[in-house]
């Protein structure tokens, strides 16, 4: 195996990347290799999907399936080798279907097709042991023996950025949002990466294309969520537990949460959100259910202890999943969609009867805890509605600076930086936050500035779109560029969704972003220097020094 896609990957003076029997995330070498094979097979699918555009052959089923399958290879999503093989064999079938259809259409129209890429030539056998033997051909760092390390690093930046974008494409698709132009660009980029490109300039340009494409995808996802569930509105959420039977919903999929709420009505079951599902409590069409009672736990890296202590059924709708056998709750865990763990029950379709039966069979919480409320729901509409008041407070000198502090959380001790940063931020500053990094500080008290809360929870990681809209509105109001605003982004990264959001911000021209806790291992020192120079990206350091530098600028 060789995997270097997440922040927790092995980094020593002599080794970068997980290359032993098991990755730091818990996936086995077998699963890692199978995921590489799946990705390479998907690049072959995209080759033929791109060729199909030349002869007006577009198969919607394949367009919608391909990003979903790619999502299955994202960090902490699918650890089940059988499921990954199923995806890979389906990719092979779809590639053959596309090839036959496209070649036939090209013959009729006398259209010349491109020479087959290495990924398009990649063929899978049907037996598992024969499939795994192909792993060296499909390794994400293939060619590293002869190619410059900067080439490999930029290929991976593009691959991992596109993987994050694919995840958001699937989230949007679940809510009925697709875009043919986005599918076309996705296939173009995926197919091109399957040619093993070597030009550094073209690879850098590709990363910016991915960032801009993801901006459109985040807009689609925002549309899907608000059209389906209404616009988020500031709402109080209880972060303590209530007596009764219970179901915990984790991941990102609001559609699944809605189905669970509908199917548990009148059954005496309390439903809790976990992790990135916290913003659900601010959507009118979700918070209307009285048995959506609160948010349980914290960020994903704490789930093995928190899930073990949860006396009910647990549904994992997307990333991030950890080994459930550690806390001995695998028999109460259910996976959905692209998520998988060997031996854990998987729910196909929208029937959650098995989850409900499991919840009713568990003890549930035996008493009520004393309520503790936090506020969520400062989505796009809420932020835009507050913009005039915010502008007034800035002009009157009551608000001096804005910080966007958030992103993916993780278990490294260095991540306490984000807790300390928000605690030490000036009292006349406003802090926007999103994604699970918020759990580092979202239960702390920050007060308000003349009625404007100092901590504004924007939502999930993809709701960076809402924060961008606020920044654009403020820039217009103050007649300046985004980079001239008293606004600083302080981001934490862990996996590929964070990578693509960073690429989106770069592509939109946002500079001076602070990132941490460590730099991506797949980026060489030379590439980091290029990115730092081009985008003024900065690594987090000492909180006091960073704040001093930010406020002095």
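Glycine is treated like the rest: Cβ placed from N, Cα and C.
Swiss-Prot lists 252, 276, 408, 436, 461, 495, 497 as binding hybrid [4Fe-2O-2S] cluster, and of 206, 320, 358 the one it places in that same site is 320. Annotation for residue 408 (hybrid [4Fe-2O-2S] cluster binding site): spatial neighbours 7, 435, 436, 437, 461, 492, 493, 494, 495, 497, 498, criterion Cβ-Cβ under 8 Å with sequence separation of six or more. Other residues of the chain with a Cβ within 8 Å of the Cβ centroid of 3, 6, 18, 25, the [2Fe-2S] cluster site, are 4, 5, 8, 9, 17, 23, 24, 27, 32, 75. With a 10 A radius on its CB, residue 252 (hybrid [4Fe-2O-2S] cluster binding site) counts 27 other CB atoms from all the protein chains. Least crowded of the binding-site residues (276, 495), judged by neighbouring Cβ atoms within 10 Å of its own Cβ: 495. Same-chain residues that are not part of 252, 276, 320, 408, 436, 461, 495, 497 yet have a Cβ within 8 Å of the Cβ center of the hybrid [4Fe-2O-2S] cluster site turn out to be 275, 300, 319, 435, 460, 494, 498. The shortest Cα-Cα distance between residue 6 ([2Fe-2S] cluster binding site) and any of the binding-site residues 252, 276, 320 is the one to 320. Comparing CA positions across the binding-site residues 3, 18, 25, the one lying closest to residue 252 (hybrid [4Fe-2O-2S] cluster binding site) turns out to be 25. In the shown protein chains, 33 other C-beta atoms lie within 10 A of the C-beta of residue 497 (hybrid [4Fe-2O-2S] cluster binding site).
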